[in-house]
Amino acid sequence: MSKVGSDEGALAADDLASRRTIGIPDKTTPLKDLELAVRETFFPDDPFRPFKNQPRSRRLQLGLNYIFPPLQWLRSYKLSYLKDDIIAGLTIGSLCIPQDIGYSKLAGLPPIYGLFTSFVPPLIYALLGVSREIAIGPVAVVSILLGTLASHQLPVPTLATKKCDTTSLKFINDACTQYRESYLALIFTATFFAGIFQAALGLLRLGFIIDFLSHAAIIGFMGGAAVTIALQQLKGMLGISTASFTRKTDIVSVLRSVFQHVDEWSWRTALLGLFFLGFLLLCKFIGKKNKKLFWIPAIAPLTSVILSTLFVLVTNLDKHGVAIVGKIDGKINPSSVGRFMFHGEILKKALRVGFESALIALTEGVAIGRTFASFNNYQIDGNKEMIAFGTMNIVGSCTSCYVATGSFSRSAVNYNAGCKTPIANVVMSIMVLVVLAVATPLFHDTPNCILASIIINAVLTLIDIPAAIKVFKVDKLDFLSLMAAFLGVLFISVEIGLLIAVSVSVANILLQVTRPHTAVLGRIPDTSIFRNVEQYPDSSRIPGILIVRIDSAVYFSNANYIRERILRWLDDENDQIKKENGIPFQFLIIEMSPVTNIDTTGILSLEDLLKTLHKRKVQLAFANPGTKVIQKLNDAGFVAEVGSDWFFLTVGEAVEVCRRHLTFGHESMTPDESKAPHLRS
């Protein structure tokens, strides 16, 4: 291609002598490229690094340490740690027991299954998990998601009547009993597949999939789910029976159901529930004001259960319209393998319910683990955590548990209580085991309104208003994602809210990829540094030269947009120059430093740009293309087409060469930037 303003196809010898050339690396083999791509995609943390140059015995030991982390931290375990772990375990145990009874109702299960889920999964996690602070068990969001999905997939049959309640063991009719069995089969099968999905993601190193849920979308989803869960508890706070209450979770249906059953409202139930909700909120306030009193909000739920149960026993409120938990079969986790359904419609429904539950459980659990790991300056292997979560849910599904994950509120209490290792989870499990073995009859007279107040108190922490305000201030598009997920959960359903959260997050990624940022660069005064003229208004543009920076990789999804955007920059700037009788552009320099990669569509787009500029008598130049980019451009013959002389190491070098070759009429001269005020930003 000929140079603008010259009949020669290359730069002058003095230009070449005064600059460094762009290095083009040696071409690698396709196998090497594939190996690098696989390593960076699936093994970015280089998990095999500790195994390098180690004898076989040491490799075996490291492998066992990776699979079973206790083999590593037990060697340095101290007696003082045991004291801290026991205290932390007893503290989170006192918090989890009343919460578990309430959360199981969110999942549409009898109270005993919440306790089952806080016994087996924490033990498995303590054996396989990495996080020291995370507290394992059922959580509110996963419970209501599981219950909502299961009830949608398996609606109550007409023969079972509207009185059929899956959270109760009370006999209604044979159809209801059969429905409860089918519901349990769906829950346990879905939990099994949730574990399979989670473990598979970890084993296949696909942990990055959960990153498709943006932080903003998670805030919105969790906030919407928290409001939904709190509204669902109005039935318990007002004394409305679960069987007659709507199974829908949107705010309109819930409020309609509340006011359609005014005849079931109980003022005694509401008064008792509100009193203990105020007590729980007061305890939480005290714990926030003084971190040393963290134990007060931790034991407050169990204290509420004990006091309210004693109050009902003394006053016989259960005979005056205050609903109680009723009989809880005291037994240790029975096997549920016989309930699995791997055929028919139940299988299809379980796969769907399991996958969606697994996604949210993983997102919440891994995020909690990483959060507390950062407090103590150690790393969490996300893929290893997924294997641990998956294994504990697979084992849990075989022992009458539903989907378990990390609980933020209990993990925070565990951390504040000074836990040192996952032994705290073991202590919590032992405490739950004691309750299952001997203490379940004590919860017979516990009012349902107390469980509702405990759940409301717990889920309020999921509504993160300061984080939402911060997102609004920082990124309006992210805030749109947040509100879309929040409103989707609130006004449609938890399932649709999750779908919206994922869809909006992916749409945000696609928008950033397909419409990347580009910028016009100018020179910072008295330097050779070139920066965005919008960010640095005092920077000056170079007369006759347009400098554009592409701030992303160039792929098929954005190649045409980038070409059109660059031409629009050129047209807009030329229009402004014509109005002011300035110097028309003769050179276009593209700063390629941020361009990490380019594909064949991107190269074709640059070739089209080159042809268009050639017709306009504008010379194209490039500054600092990266290794992959220059290698691909060279392999495609684009470097030869443009001319290797027009590839520069820095923008400054490109500008200096281009300025020396600007033409005005038949003469070549270097314009003075100070005489071109119309070109300043």
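Including glycine, each Cβ sits where the backbone N, Cα and C put it.
Feature list (source: TrEMBL):
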type	residues	note
TRANSMEM	183-204	transmembrane segment
TRANSMEM	216-234	transmembrane segment
TRANSMEM	265-286	transmembrane segment
TRANSMEM	293-314	transmembrane segment
TRANSMEM	386-405	transmembrane segment
TRANSMEM	426-444	transmembrane segment
TRANSMEM	450-472	transmembrane segment
TRANSMEM	484-511	transmembrane segment
DOMAIN	535-658	domain 'STAS'
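Counting residues 6+ beyond its ends, the transmembrane segment (484-511) has Cβ neighbours under 8 Å at 144-145, 148-149, 152, 212-214, 217-218, 220-221, 223-225, 227-228, 248-252, 356, 359-360, 477-478, 557 in the same chain. Here the domain 'STAS' (535-658) is broken down by DSSP into helix, strand and coil counts: 62 helix, 21 strand, 41 coil. As a quick check, the transmembrane segment (450-472) and the transmembrane segment (386-405) miss the bar of 3 or more Cβ pairs under 8 A, pairs 6 or more apart, so the two do not touch. Outside the transmembrane segment (265-286) by six or more residues, the chain places 236-240, 293, 296-297, 300-301, 304, 307-308, 311, 317, 320-323, 447-450, 452-454, 456-457 with a CB less than 8 A from a CB of the stretch. Panel annotation: around the transmembrane segment (216-234), residues 106, 140-141, 144-145, 240, 249-251, 254-255, 258, 363, 367, 452-453, 455-456, 459-460, 462-464, 467-468, 471, 475, 478-479, 481-490, 494, 497-498, 501-502, 504-505 of the same chain, lying at least six beyond its termini, place a Cβ under 8 Å from a Cβ of the stretch.
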